[in-house]
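Shown next, in structure tokens, is the structure this report addresses.
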Amino acid sequence: MLALQGDTREHLAALREAGADAVTVRRRSELDGVDGLVIPGGESTTMSHLLREFGLLEPLRALLREGLPAYGSCAGMILLSSEIVDAGVPGREALPLGGIDMTVRRNAFGRQVDSFEEDVAFDGLDGTVHAVFIRAPWVERIGEGVEVLAEAAGHPVAVRQGRVVATAFHPEITGDRRVHHLFVSSL
Ligand code: GLN
């Protein structure tokens, strides 16, 4: 669990309930030996700044290139992309780590529907998932080999490439552990 900023507590609880032996990561050395990385919801520009300050940006990019499994929700989805539209003010912008070949738009749903909830069909899970969107991104382009797992407003909001998964919404705050379980059971 990348614990620089964001809703790490909720993800830690969700991961443990999904059967993972979850630990927090703030330093490069703490990445050694993890089976996978979760990047929480929060603020992708702040997390990017801290990743750089803590010397984690390039090590994480390299680990993802080498195939480190990862799951990111909301700000975590933004960071797991390969390209960000509306990344923020230059110098303080959100920085892509790679992991999934996709372009995401930050704060895509706009001011009117800033935050909303919707039940979405999720590939691989029975029934629907109650999806909570909070100033959420959506996916504007996916590369070859990227699967769309869920859509809202005509855009992909959950995707997977290999063992890297990203959701624009926050399953960690709903009590439904199926998305975390899906990730944990793939490790
Ligand atoms: N809008 C935030 C960002 O750009 C994401 C919001 C969230 O994680 N709930 O990082």
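All positions are counted from 1 along the displayed chain.
Just so it is clear, glycine is given a Cβ too, placed from its N, Cα and C backbone atoms.
Keep in mind it's a predicted model, so treat the numbers as computed, not measured.
Pulled from TrEMBL:
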ACT_SITE  C74  active site, nucleophile
ACT_SITE  H170  active site, charge relay system
ACT_SITE  E172  active site, charge relay system
BINDING   G42, E43, S44, R106, I134, R135  L-glutamine binding site
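Annotated features, which come from TrEMBL, shown on the structure.
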{"residue": "G42", "record": "L-glutamine binding site", "Cβ within 10 Å": "21"}
{"residue": "E43", "record": "L-glutamine binding site", "Cβ within 10 Å": "18"}
{"residue": "S44", "record": "L-glutamine binding site", "Cβ within 10 Å": "31"}
{"residue": "C74", "record": "active site, nucleophile", "Cβ within 10 Å": "29"}
{"residue": "R106", "record": "L-glutamine binding site", "Cβ within 10 Å": "23"}
{"residue": "I134", "record": "L-glutamine binding site", "Cβ within 10 Å": "18"}
{"residue": "R135", "record": "L-glutamine binding site", "Cβ within 10 Å": "16"}
{"residue": "H170", "record": "active site, charge relay system", "Cβ within 10 Å": "24"}
{"residue": "E172", "record": "active site, charge relay system", "Cβ within 10 Å": "29"}
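Of all Cα pairs drawn from G42, E43, S44, R106, I134, R135, which the record names as binding L-glutamine, the longest spans 13 Å.
Checking each of the active-site residues C74, H170, E172 against S44 (L-glutamine binding site) by C-alpha distance, the shortest gap belongs to C74.
For the active-site residues C74, H170, E172, a Cα to Cα distance of within 10 angstroms from E43 (L-glutamine binding site) holds for C74. A Cβ within 8 Å of the Cβ centre of G42, E43, S44, R106, I134, R135, the residues given for L-glutamine, is found for these other residues of the same chain: G41, T45, C74, A75, I78, N107, A136, P137. Separation of the C-alpha atoms of G42 (L-glutamine binding site) and the residue listed as 'active site, nucleophile': 7 Å, rounded to the nearest whole number.
Annotation: C74, H170 are the active-site residues among C74, H170, E172 whose CA atoms are within 10 angstroms of the CA of I134 (L-glutamine binding site).
In the three-state DSSP scheme, E172 (active site, charge relay system) falls into the helix class. Cα distances from E172 (active site, charge relay system) to the recorded positions C74, R106, R135 are smallest for C74.
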